[in-house]
Amino acid sequence: MTNLVRWLFSTNHKDIGTLYFIFGAIAGVMGTCFSVLIRMELARPGDQILGGNHQLYNVLITAHAFLMIFFMVMPAMIGGFGNWFVPILIGAPDMAFPRLNNISFWLLPPSLLLLLSSALVEVGSGTGWTVYPPLSGITSHSGGAVDLAIFSLHLSGVSSILGSINFITTIFNMRGPGMTMHRLPLFVWSVLVTAFLLLLSLPVLAGAITMLLTDRNFNTTFFDPAGGGDPILYQHLFWFFGHPEVYILILPGFGIISHIVSTFSRKPVFGYLGMVYAMISIGVLGFLVWAHHMFTVGLDVDTRAYFTAATMIIAVPTGIKIFSWIATMWGGSIQYKTPMLFAVGFIFLFTIGGLTGIVLANSGLDIALHDTYYVVAHFHYVLSMGAVFALFAGFYYWVGKIFGRTYPETLGQIHFWITFFGVNLTFFPMHFLGLSGMPRRIPDYPDAYAGWNALSSFGSYISVVGIRRFFVVVAITSSSGKNKRCAESPWAVEQNPTTLEWLVQSPPAFHTFGELPAIKETKS
C-alpha cells in the first residue's frame, strides 16, 4: 500500500520523472508497433495485411503520430529528463509546484486511453495527426472517434501547459545561490525555451480543436464554407501550434547533446552564450514560419516569398548550434562511449534532416514535394533520428545517475549500431520515393516504387531489433547484482564537474540536497 501511495500521490520530482519515463516507454512501444504495421502494409505493392482497408491504414498513421509525439517524445524529454534533472542542475530542492507536477503526469494516462478508445469507436479517427477539416468534419467522420481524439489532445495539452508553468517558475525562482541565468546548464536553458513555446502555442491548438468540436457537434461553421467558414483558417491555427511543436520536440534534445558533447570531448561547450541565444532565436522564429506547411493551399505569392525566406533564416541559429558542437569536439580528447555515439549520430543525421528542410522551404519545390514521401523522410530524419537519438543519448548519459548502476557498454554500442543502420535503411530510400512522386497516407502504390519500399520496410524490422536490444540494456541495468554500482561521476568529470548532478550520489537521495549548494565557479 505504501508503495502504491508513493507512486500515485508522489510530489517528488525524481519519482514523477521516473513515471514519465515508464509512460513514454509504454507509449513508444505501442507507437513502434503501429509503425511496423504501416511498413508491413507498404512492404510490397497491393494489399498486404490490412485487406484493402484504407481507413484503417490512416487510423494507424494517426495513432502512430499521436503516440510518438504526445505520449513518447514529449513525456520522456520534458517530463522525464526535465523533471529528473532540471531541479538537480539548478540546485533546487524540487520543482516549484510539486503537486501540480503530479497532476501534470496523471492527466496523461487518461489522455492515452481516450486516444486508444478513439481507434476502437466506429471506423476510428483516420484524419492524420493534423486533423484537417473537412475530412475530420461530421460528414466524413461520423461517430465519436474524432471527438475522442480531440478530448485526448485537450488532456495532453493541459498536462503540457501545467508542466511548462512549473518549469518556468522553477527555473526563474528556484536557482541555487550563485546560479545566475548565464551560468545555467544548456539543458536547463533548452527546457526553459521549450516551456515558453508550449505555453504560447498550445492554447492556439486548443482553440482550433474546440472550434472543430463545435463544428462537428453543435452545427457551428468555423471551418465550413457553406456557413461562411474557411477550412484554411483551421490550417493556420493548427500550424501556428504545429510548427513550434516540432521545436518543442527537438530543443530539449539540443540541450542533452550539448552536455554529452562537452563531457566526452573533455572541453566546455564552444560558444555557450551563442548556444543560448541560438535556442532563443529558434524559439522566436518558430512562431513566424507556420505557413510553410501550407504552400499548396493557394497562398499569395508575396506570402509564399516571406515564409520561404523566414524558414531559411531558422537554419542560421540551427547551424550555429551544429557548428558549435563540432567546434566543441575539435581538438578535444574524445571518448566514443555509447552516449557520445548517439550524440555524433544525432549531429550527422539531424544535419541531413535540416538540409532536406531547406529544400522543402522553397515554395516552388515544395509544391512538387508536398505530401510525398520526401516530407516523411525529412521529418523522420529530424524526429526519428534527432529527438529519439537524443533520448537514447540522454538515457545512456544519465542512466547511472538514475538507477545508481552502470549500463553494459558493449550492449549499448550494439544497440547504437543496429538502430543507426536500421533507421537509415528505413528513411533514406523515402527521399527517392518522394522525388519520384509517391504520395503519403496511401496504403497501395504502383509497382515502380516496390524496390525502395521493400528496402525501407526491411530497415524498420532492423530498427525493432535495435529497440529490443535497448530494453535488454534497461533490464540488465535496472536489475541488481549483474553490474557494478555507479560512481557519483561515472564519466570521470570529478576534477572539473561543470554541472551539479555529478556532485550528488548515484542515485540521488530522495531529497537531493541536504542544504542548498552555493555556485561560485564562473563559466570559462
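Including glycine, each Cβ sits where the backbone N, Cα and C put it.
Matching HIS243, HIS378 to the Cu cation binding residues that Swiss-Prot gives (HIS292, HIS293) identifies HIS243. Of the residues PRO439, PRO443, PRO446, PRO490, Swiss-Prot places PRO443 in the same Ca(2+) site as GLU41, GLY46. Listed by sequence, the residues of this chain that lie at least six past the ends of the transmembrane segment (148-168) yet keep a Cβ under 8 A from its Cβ atoms are 62, 66, 70-71, 74, 78-79, 82, 86, 95-97, 100-101, 103-105, 107-108, 110-112, 114-115, 117-118, 121, 125, 127, 131, 191-192, 194-196, 198-199, 202-203, 205-206, 209-210, 212-213. Pairs of Cβ atoms less than 8 Å apart link the transmembrane segment (414-434) most often to 379-399, out of 66-86, 103-123, 379-399. Residues 13-14, 16-18, 20-21, 23-25, 27-28, 30-31, 34-35, 92, 95, 101, 104-105, 108, 111-112, 115, 129, 149, 152-153, 156, 160, 163, 167, 170-171, 187-188, 191, 194-195, 198, 245, 248-249, 252-253, 256, 383, 387-388, 390-391, 394, 398, 402, 501 of the same chain, all 6+ positions outside the transmembrane segment (66-86), place their C-beta atoms under 8 angstroms from a C-beta of that stretch. A 10 Å cutoff on Cβ-Cβ distances gives GLY46 (Ca(2+) binding site) a total of 11 other Cβ atoms nearby, all chains included.
Inclusion criterion for the binding-site residues GLU41, HIS370, HIS378: a C-alpha placed within 10 angstroms of the C-alpha of HIS293 (Cu cation binding site); this criterion is met by HIS370.
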